[in-house]
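Student: My structure is below; once you've seen it, I'll send some questions.
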Amino acid sequence: MADEPLVLGIETSCDETGIGIVRGHTLLANTIASSMDEHARFGGVVPEVASRAHLEAMTPTVEAALSEAGLAFSDIDAVAVTAGPGLAGALLVGVAAAKSYALGLGVPLYGVNHLAAHVAVDQLEHGPLPKPCVAMLVSGGHSSLLLVPDVAEDVISLGSTVDDAAGEAFDKVARVLGLPFPGGPHIDRAAREGSGEAIAFPRGKLDDGTLDFSFSGLKTAVARWVEAREASGQAVHVPDVAASFQEAVVDVLTRKALQACRKYGVDDLLIGGGVAANSRLRALARERCEAAGVRLRVPRPGLCTDNGAMVAALGSDLVAAGVTPSTLEIPADSSLPITTVHV
Ligand code: KG4
Ligand code: ZN
């Protein structure tokens, strides 16, 4: 292990300044500074606020990660950074910082795809990825099904949301129910006291023959249901609404993920992104994968949400695969396609 390269990973695609340090697939530090508190009162991430927060948090967070790992700048062998997709201004801060560190330390730079990094991170917990595997990434900004023959080189999009991301739906429904932002964890908690079968909410695109998702109809159905209850003077039982909404989301997600496995003859499913922290999604996925004979991998919640370790993990794979490093001219690309694993 000692001779594997030490990789510093920098993630700034949204509101988390994430710094990770890995050696091979061994996690040495995963430090996060979040600007979420500054966005909460707006009910969503404000890009300009996130960018400014990254600029202020960058150096202290890198130093905190080095100190957590008991390492010095001189130990770093490579720098990896999220080059996209994400918020343009936020990405720029991370990419500029990564270029500076790489240049100052005289080490190679790897600009990586945020979504592929969400897949690669699982190796820090569960070892090398099976080749191929199917990955389902569900977060506030993305909901995608991917076929992953090789996370360092080859990732294929099988489907994605045609409107809201799964996490976005959680956040919007939480708002309707008067729960704080970000709503996912609050809905998860409220749902434990309610019944997922209390209200039959629609399951968008469930049997449409594609591997795409749609959550905006569901979000609207929940809002209409709550409005109608309130208009008729009846009480809204928040736990039942939360549980029934959550059940509709995780039912579709798990069914489509297993359809993808079946269609491509793949026996390994990985679930990542912030929504993978959802307790009902984890439980239902486990149950359905077991019944289908599919092996399931879900990183622990701290590795599912945006973090720097995921970027370092993918960087480490790129170094190991002998991929040519990025130049100091790489751009930040807010809509970087998943087919571009590194830039
Ligand atoms: O991956 P992430 O940290 O950031 C990006 O959006 O890229 O994901 C954040 C999203 C938010 O929408 C949040 O509400 C959702 O993940 N989330 C959850 C849970 N924890 C976080 N959704 C459902 N259940 C949870 N336990
Ligand atoms: Zn993410």
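The backbone N, Cα and C atoms fix where each Cβ goes, and this holds for glycine too.
Curation plays no part in TrEMBL annotations; they are all automatic predictions.
I grabbed these lines from TrEMBL:
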BINDING   H114, H118, D306  Fe cation binding site
BINDING   L137, V138, S139, G140, G141, D171, G184, D188, N278  substrate binding site
DOMAIN    27-312  domain 'Gcp-like'
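Help me see these features in their spatial surroundings.
Tutor: Following the DSSP three-state reduction, the secondary structure of D306 (Fe cation binding site) is coil.
G184 (substrate binding site) has a Cβ environment of 26 other Cβ atoms inside 10 Å.
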Student: Given N278 (substrate binding site) and H118 (Fe cation binding site), what distance in Å do their CA atoms have, once rounded to a whole number?
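Tutor: Approximately 16 Å lies between the Cα of N278 (substrate binding site) and that of H118 (Fe cation binding site).
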Student: Would you count the other CB atoms within 10 A of the CB of N278 (substrate binding site), including those on all shown protein chains?
Tutor: 27
Student: Taking a cut-off of under 6 Å between Cβ and any atom of ligand 1, tell me which of the binding-site residues H114, G141, G184 pass.
Tutor: G141, G184
Student: Listing them in sequence order, which of the binding-site residues L137, G141, G184 have their Cα within 10 Å of that of H118 (Fe cation binding site)?
Tutor: L137
Student: Return the residues near G141 (substrate binding site) by Cβ distance under 8 Å, restricted to its own chain and a separation of at least 6 in sequence.
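Tutor: Looking at Cβ-Cβ distances below 8 Å from G141 (substrate binding site), excluding near sequence neighbours, one finds S13, C14, P85, G86, A165, G167, E168.
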Student: Least buried of the binding-site residues H114, H118, going by other Cβ atoms within 10 Å?
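Tutor: Lowest Cβ count within 10 Å among the binding-site residues (H114, H118) is H114.
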